[in-house]
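Participant: Attaching a single structure in structure tokens format; questions to follow.
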There are 2 protein chains.
Amino acid sequence: MPPATLHQVPIALGDRSYPIVIGTGLLGAASTWSGLPKAAAALVVTNDTVAPLYLAGLQKALAPHYRAVHTVVLPDGEAHKDWQTLNRIFDALLSHGCDRKTVLFALGGGVVGDMTGFAAASYMRGVPFVQVPTTLLAQVDSSVGGKTGINHPLGKNMVGAFYQPARVVCDLDTLKTLPPREFSAGLAEVIKYGPIADMPFLDWIEADLDQLLRREPAALARAVQRSCEIKAWVVGQDERESGLRAILNFGHTFGHAIEAGLGYGEWLHGEAVGCGMVMAAHLSQRLGLVDDAFVARLTRLVQAAGLPVRGPAFGADRYLAMMRLDKKAEAGDIRFIVIDAPGRAAVRPAPEAMVRDVIAHCTA
Amino acid sequence: MPPATLHQVPIALGDRSYPIVIGTGLLGAASTWSGLPKAAAALVVTNDTVAPLYLAGLQKALAPHYRAVHTVVLPDGEAHKDWQTLNRIFDALLSHGCDRKTVLFALGGGVVGDMTGFAAASYMRGVPFVQVPTTLLAQVDSSVGGKTGINHPLGKNMVGAFYQPARVVCDLDTLKTLPPREFSAGLAEVIKYGPIADMPFLDWIEADLDQLLRREPAALARAVQRSCEIKAWVVGQDERESGLRAILNFGHTFGHAIEAGLGYGEWLHGEAVGCGMVMAAHLSQRLGLVDDAFVARLTRLVQAAGLPVRGPAFGADRYLAMMRLDKKAEAGDIRFIVIDAPGRAAVRPAPEAMVRDVIAHCTA
């Protein structure tokens, strides 16, 4: 089947603007990769799960555009989102004598995208890169908006850069091979866009969840497109997260605490965000912003999407300690993304006792 | 003696503009540090040579401005400009629970400045930082213009970011304690500004070299001020080195080859640049751009400043291999900064045989 571009979502950031291209059959088509910055060489970064599925196809499609297409295959998983693994990208670039026009391609999920993006931001102080997300989570969230980075033993994504890709290519075909657990993790970030920005989108997700879970192309296209539109709208107004952009972190303060508290890699990021959204909804309810019915509705949908709705019981102290290390914290005060009203989010502090109550209520 | 601001050089980069403040008695005066971005905490990064001389004074002067002034003392030297040492800055920031408003202060020479700047660029994707250069080289070159980074075993400054400080404070008093070898290394970068941009400045350096070598305050002030003015003028036109800024690398292509070929830390950066300028002048002469008298004049001045004028004899092959890894190389072609005419520089390729001739002629 010939490639089909179903939709293009522009990200408007002045001279750092770029398109998100959404469609089918894109990855293996040479035409997908036209019009990128000129260079002698490309480096495709991927992981050992994705490589057997898509690396050869992408390499072949890139071949007409570059004299050399190098590759580096990293170990899969959040546990490897560290300096040692990042350094393998620099090793590959330098051992191939790659110059500062070399274009990097991030073929994989959020971890590959974040690490490749940070490598691109840092190699010779910046080379172009292209996001080729192959997971639902990466297509609807992490590949868009220019957040890149690695984890530090004391905190997730603590070392990184704001660095925009030259293009994002979302090939919906790649979602077919995703394990169910990872697909559900991606749905967490899709669901997120409803309560923070677009309740009719939440209505649609609820109504068509079965089609989504069956990965019907039309449903996938709509989920990816609308998610990217909302993310593009937010990032276009606040690239460096000085304000509005923080709403995209709904569920992430509790979620990061779960991930860090258990050790990275125990829960998938999307699983932690799914559960984190339920906890943040409870907090919003206790702050008098939303009603019980809203909390129950969001909890039902998160659960129906195949995601956990109860957090691990490692104690409120540990949750709070992890949240104080969150990047959104300021001078030790934890700030939460809460739902101000269905379809609208805001950043607010919350009394510690209330947060402890929510943790006690929502953990197994 | 009360602090005296002798000069302020503005760096005009739109919303990333900042001043270079040059004077005496600045470091220990609380007023020097007014008007910086507000934060609960500061972290002073320095090394074990500079710490006993200036750390306590700076900490005391910063105390009125921040609730907490943390410090981290790194091992001194180019050999430590690596990921492991950089990570000690992240460890300090995270173990003190520093948020993303924390201001970093780079107290030391070029290595401390480059590493602190890259840590500031990367910590939580960017926190403010202030350059407090204590070496001549850092005051006239590396602290100004926003180049930050670390070395990789396969190349110098290969991993980094363009990231501008909020302020540069050059306290001329700190130059008094500089060992003669380091002071001469700094003079290499001062001399550099003459042939690339300002021959009357070169005339003055030749005439007043003795005063400079005796570190007379008036001579130091003039050298630092004029160097910063020229650098500010260049960086203001080309922040990310897409063109003009490359002229600041006069002497650096040969110089980096010397440093990398010997192993970082054998020669000081400024020593390699001094010798590299002589080699680049020879190349310019062979390209028919300058005459023998110009080469002889520059060689004499570099030598009189206490710098080497003959490169190490590790063979032309190794020089060329190291130069191909230079960030200015493109698709394997080495590009040199040459003197087009006295006072004006340009970027040009050169025939390999000619480069080999220059290496043979200029190495011991």
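Glycine too: its Cβ is placed from the backbone N, Cα and C atoms.
Among the features that TrEMBL reports, domain '3-dehydroquinate synthase N-terminal' is placed at B:72-184. The feature NAD(+) binding site is assigned by TrEMBL to B:76-81, B:110-114, B:134-135, B:Lys147, B:Lys156, B:174-177. The domain '3-dehydroquinate synthase C-terminal' annotation in TrEMBL covers B:186-329. As annotated by TrEMBL, Zn(2+) binding site applies to B:Glu189, B:His252, B:His269.
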Participant: Long-range same-chain neighbours of B:Gly110 (NAD(+) binding site), Cβ under 8 Å, sequence gap at least 6?
Facilitator: B:Pro133, B:Thr135, B:Leu137, B:Ala138, B:Asp141, B:Ser142, B:Ser143, B:His269
Participant: I need the most crowded of these binding-site residues: B:Asp76, B:Glu189. Count other C-beta atoms within 10 angstroms of each C-beta and give me the top one.
Facilitator: B:Glu189
Participant: What is the three-state DSSP composition of the domain '3-dehydroquinate synthase N-terminal' (B:72-184), stated as helix, strand and coil residue counts?
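Facilitator: Counting residues per DSSP class in the domain '3-dehydroquinate synthase N-terminal' (B:72-184), I get 47 helix, 34 strand, 32 coil.
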Participant: Sequence gap of 6 or more, Cβ distance under 8 Å: name the residues on the same chain that satisfy this around B:His252 (Zn(2+) binding site), in order along the sequence.
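Facilitator: For B:His252 (Zn(2+) binding site), the qualifying residues are B:Val273, B:Gly276, B:Ile337.
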Participant: Taking the Cβ of B:Thr177 (NAD(+) binding site) as the reference point, list residues of the same chain whose Cβ is under 8 angstroms away and which are at least six residues distant in sequence.
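Facilitator: Residues satisfying the criterion: B:Leu53.
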Participant: Which three-state DSSP class does B:His252 (Zn(2+) binding site) fall into?
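Facilitator: Reduced to three states, the DSSP call for B:His252 (Zn(2+) binding site) is helix.
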Participant: Counting by DSSP secondary structure, give me helix, strand and coil numbers for the domain '3-dehydroquinate synthase C-terminal' (B:186-329).
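Facilitator: Breakdown, helix to coil: 104 helix, 1 strand, 39 coil.
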Participant: Quick check for the class: what is the C-alpha distance, in angstrom and rounded, between B:Gly113 (NAD(+) binding site) and B:Glu189 (Zn(2+) binding site)?
Facilitator: 16
Participant: Look at each of the binding-site residues, B:Thr135, B:Thr174, and point out the one with the fewest other Cβ atoms around it within 10 Å.
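Facilitator: Counting other Cβ atoms within 10 Å of each of the binding-site residues B:Thr135, B:Thr174 gives the minimum at B:Thr174.
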Participant: What average pLDDT is reported by the model for the domain '3-dehydroquinate synthase N-terminal' (B:72-184)?
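Facilitator: PLDDT averaged over the stretch: 96.
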Participant: Near the Zn(2+) site, what residues other than B:Glu189, B:His252, B:His269 in the same chain have a C-beta no further than 8 Å from the centroid of the listed C-beta atoms?
Facilitator: B:Leu137, B:Asp141, B:Ser142, B:Ala188, B:Lys192, B:Gly251, B:Gly255, B:Gly270, B:Ala272, B:Val273, B:Gly276
Participant: Might you list, by sequence position, any residue in that chain lying six or more from B:Ala79 (NAD(+) binding site) with a Cβ less than 8 Å away from its Cβ?
Facilitator: B:Tyr264, B:Gly265
Participant: Applying a 10 Å Cβ distance cut-off over all chains shown, what neighbour count does B:Gly113 (NAD(+) binding site) have?
Facilitator: 30
Participant: I'd like the Cβ neighbour count for B:His269 (Zn(2+) binding site), meaning other Cβ atoms within 10 Å of its Cβ, all protein chains included.
Facilitator: 27
